[in-house]
């Protein structure tokens, strides 16, 4: 294909449609009928005529040679030459008059199709063996009934005719009849019945096989069937039956949609079978004389043999039973060809392997979609082992000469020819293969400005492929820069990497500008630097910047000296006047608020040497360098300078780090590790505490669960104390120059856990078990030995279990993490930045992430790079800090930190109104480069990769956090954050104890404006230490509560009376164990009930029956469920559960219980009250003259002054569980997750609405990652959750085209409601001929028609207002979201390929190629980045063709003018 043709075909593929082929279309595409089952003649080795490889049908095997040998290549070329001489320029196909073969290229054998004329119709297996059953849904037959009809076991009544009422027969349409029943009916009805025409309603017709199904399908009126099903659904009361009817309804709708676009329903019955081109089912000759054949040839042969045999049997009028058996066999043969895996007994080869059918070649990892269309192998690539290249620059890699010579071969040949070193291509190739020295100089020249791409498998995120400037090296291993290892997740223990060469100018330009390693310093997952020194480099930098003081034994050279500049220090160090660790004074420039200021500071020589390579703009960095501080420094330098400066800085610190790690000689020995003396006493004390806990349990003072938990906590605390002792000893040893401590403290290697196991104790171990039950995952007796002492046999045996489980888990989770990433990518691959601003008025509220009031992630780090939704004000003076629609960046983030703002409302992908993709403003900053996101960025794929990439770091099991008991007290009180005045809100108090459910305390500033500085919810039962309108100071305690138990407090003085109470055998406590509505009552002296309390299950009663109590006494304690165990069921299983939006089976249904009010610590005035009515709806405003539609999402639009004051909201978590307080809207109930037992997502969705459910989902997912120390920006989760929540379920369809129970895209739903909004529904058409009953008509047209009818004295049309559809939001799992995407190509290449393709075909779907996958499949440029449709990138890279032509024209005109002047 020429370049011109390629360009045309490339840009023409804008959409692709799929429909069912009719027999006429199959014949039109076919080049001839295949009659014989033979393939190749064993004597001549040539294809058999009219066989499966026939040259007449499919084209010649050799170029321009026919079957009989009349036309050879030379002869054909001569004929063509003669024809061209006769000016017959259009040389059409030339056919051999002997054998009928067209004289053409053999490539036609890849495209030409044949066909088989089937003797009897055959049903396509996808039509009756898929779920839901397509043919069964149309005809109302079950799968078993269909099977009996198709495989010739039963007759089906097509038309009962006279048999319906004749001679006591009661036969209905679609009744199944056995052979005996059929014969009986034929004998009963008159003999003349068979002579009637088929269209005669009195004729009895019953048939079997595909033939009868074809007739039944032709007779079906889909529109009538649709309305019948709708009526049936309306009247149906059984839920199960309704679900089945909905499934049928959906299938019928698909067929109706397809029919409108030209599909024929009867085309699902095959009369002509297409045969694919022979080159796609090859027959390859083997060395031994045999042939290796594609499985498809076997299938086609079976079909042809059976088809021919059936034809012959019909011709000789064989008995019906034999014919029926042959027809069934033919049906089975076609079934096997189309989908062998769907058959109960799959056709197998001689080696008992199921043969690969047409469907199998599309499905799965080895199928056409994933193997050949989405995962192509590429030319110009190489692969080799990687070794470290410490002398390389960040953008360079070392490329072995052999690899370079091979992949740059075409460029090398061109240069050799241009320089006239060789004359022909062949001789150039010889020169290269000889490795002539001359080629290396040319290669060096070629490498300049022509980068290579390096890729390490598995490519989990976009940094798995980066481009480098190659340098020629000797040897066979690729040199890799050590700083890019973390991005590739590479190490030098035998890892291999692939090299790819970008060929076109556009590809080279993109590799240079976008993919160069020095451009990819930041991690797209979180925006932090990923190109950070590690291991040796960190250790070297830590060592050089550590200070060492002189002691009596050893003096440090140069300590206390003063220097005027950094250079002076360097000279002194080079001349060995000062030592690297010496503490000195030096005049440096320090960065302060005003700018760079000169100061004399106390520092070390090593820090001065480090600062020589630091960019001057940044100022002097006087820090001990560790892994964490280096990350912050690199980040700061990157945002305050530029990428080239940062890349140079990274290279310099890499060299410094390696040099000083080598100079320091930082190895370690056994003496660097020692066991603390306090170990014995700590262990002894722990054993005593454990025995005391056991005694308490035996006495019945605590429950078994509490005993277990306390023992685990004792050992955990002991372990922590011991670890601290070990690390303190190391810290003091050699002034902190203990090698092991330096490795730990710098973050170069090791962790506190490993140090603890070396010289403390191994600690608690996991219990060997298959399933993890709550609170029994850990062995109570820890391993008391450490690795220095050595383990006993029992201890060793216990510890081996964990080690082995770890290895098994790693293997399992790698596959799980890969599958999770694939599902995420598929669900979000079409999310691309499409527009600048969607102009939404909605956003989300963000506050700091807290764990028990301890800040885990600050507000500033969470809102960095986001766009402010409204103006952000300073709470103290109401000054605007950040304007609406402004990005929150490093420059203005300090303002937020100083102003002590708790919550900020920002734009979010969750609330973006863009119909396709997301807008720039709602996304904010591109985390990969720190700039505002650009149009065309494929943020869906980036989000999926960012979430999936750390998947392998997550565990597969439940693990114990431990140490919970000691920490809880700190988080069971509220302190004042500022000085101010206390204000009560809905608080009822009995003896300083809160007895109201929705209590709140506000802290106001002591000014006239009374700005709210802090707002906290107060739990029921909390003890108050302040009164209303009281002045408090910062850090004063406002209230406290029991962190272990929720309580119920007596509101009156009186006597206790209760029923349905049981005693705990062990503890003697009264415990509620069954729901017999147990109640506790307070009665007065007259036995009148003052107050009655319902008691929740699991509650402990503190009072006895008949006790006299005072108001404010505690009656009941309800142990908080989460305290039973400090275990986190985390890792991949939990993540998968959340992304698939699965509901837990054991969700506690507190909403339905009578005890719910005891748990409700929510704020009644929260932002989500409106979500109780969570339906999307339209309101038709009759007074609205403009006929504008008003669609209401039921969001709380709040335009009073408070809505702009983001500071006035505060979050508070009274729960003592380990959940993070991850705030998406601090006024919501779910800012604190104060719920006993997990509430399912669907319950939150139903009760609190979509935003609360989205927030809860993101909260839960982030908790899994945070528990493992993985940082991922919220934006990525928001993009995925947006994809999961972009659809609604139709509750009432009204007058729209929707079906109740259908799932629709939100924008489609809103568009449909908008379309019908100004229309009217005709109830009676009157005398109008223009309109009919049930029609939706524009009001103006209706008015006009009624006016005309009135003039003619005719009956007017009666109409009513339209009823719009009502829907509710739903959450779909990522698998479902990926399968139900708008693109059928994308869905088919993900999962359930055959189902997706068949459903697309019957409804004649069109794929508009908006996503990435569908364009990759078709070989188009992906519509992202530089390939974005309607983008300006084309002009930037390729240039505007018209401008070039204009330039050429102007140049030609200039030349002509000059020539004319010369002539004159």
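Note that Cβ sites are derived from N, Cα and C of the backbone, with glycine treated the same way.
According to Swiss-Prot:
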- 66, 68, 96, 99: Zn(2+) 1 binding site (BINDING)
- 491, 493, 495: Mg(2+) binding site (BINDING)
- 838, 912, 919, 922: Zn(2+) 2 binding site (BINDING)
- 1143-1200: compositional bias 'Acidic residues' (COMPBIAS)
- 1204-1219: compositional bias 'Low complexity' (COMPBIAS)
- 1220-1229: compositional bias 'Acidic residues' (COMPBIAS)
- 1143-1229: region 'Disordered' (REGION)
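Swiss-Prot feature annotations superimposed on the structure.
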{"residue": "66", "record": "Zn(2+) 1 binding site", "DSSP (3 states)": "coil"}
{"residue": "96", "record": "Zn(2+) 1 binding site", "DSSP (3 states)": "coil"}
{"residue": "491", "record": "Mg(2+) binding site", "DSSP (3 states)": "coil"}
{"residue": "838", "record": "Zn(2+) 2 binding site", "DSSP (3 states)": "coil"}
{"residue": "912", "record": "Zn(2+) 2 binding site", "DSSP (3 states)": "coil"}
{"residue": "919", "record": "Zn(2+) 2 binding site", "DSSP (3 states)": "strand"}
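Shown are the binding-site residues 491, 495; the one with the most C-beta atoms within 10 angstroms of its own C-beta is 495. The sparsest Cβ neighbourhood within 10 Å, among the listed binding-site residues (66, 68, 838, 922), is found at 68. Around the Cβ of residue 96 (Zn(2+) 1 binding site), a 10 Å sphere holds 19 further Cβ atoms from the protein chains shown.
With respect to Cβ neighbours within 10 Å, the binding-site residues 99, 912, 919 differ, and 99 shows the lowest count. A 10 Å cutoff on Cβ-Cβ distances gives residue 493 (Mg(2+) binding site) a total of 5 other Cβ atoms nearby, all chains included. Distance from the CA of residue 495 (Mg(2+) binding site) to the CA of residue 96 (Zn(2+) 1 binding site) is 59 Å. Within 8 Å of the centroid defined by the CB atoms of 66, 68, 96, 99, the record's Zn(2+) 1 site, lie the Cβ atoms of 55, 67, 69, 70, 71, 97, 98, 100, 101, excluding the listed residues themselves. The Cβ centroid of 838, 912, 919, 922 marks the Zn(2+) 2 site; residues of that chain outside this set whose Cβ lies within 8 Å of it are 835, 837, 840, 907, 909, 911, 913, 914, 918, 920, 921, 923, given in sequence order.
Other residues of the chain with a Cβ within 8 Å of the Cβ centroid of 491, 493, 495, the Mg(2+) site, are 386, 490, 492, 494. Residue 99 (Zn(2+) 1 binding site) sits 68 Å from residue 922 (Zn(2+) 2 binding site), taking the C-alpha atoms as the reference points. Cα distances from residue 919 (Zn(2+) 2 binding site) to the binding-site residues 66, 491, 493 are smallest for 491. Considering only the binding-site residues 491, 493, 495, 922, residue 68 (Zn(2+) 1 binding site) has 495 as its nearest partner by CA-CA distance. For residue 491 (Mg(2+) binding site), the nearest neighbour among the listed binding-site residues (66, 838, 912, 922), judged by C-alpha distance, is 922.
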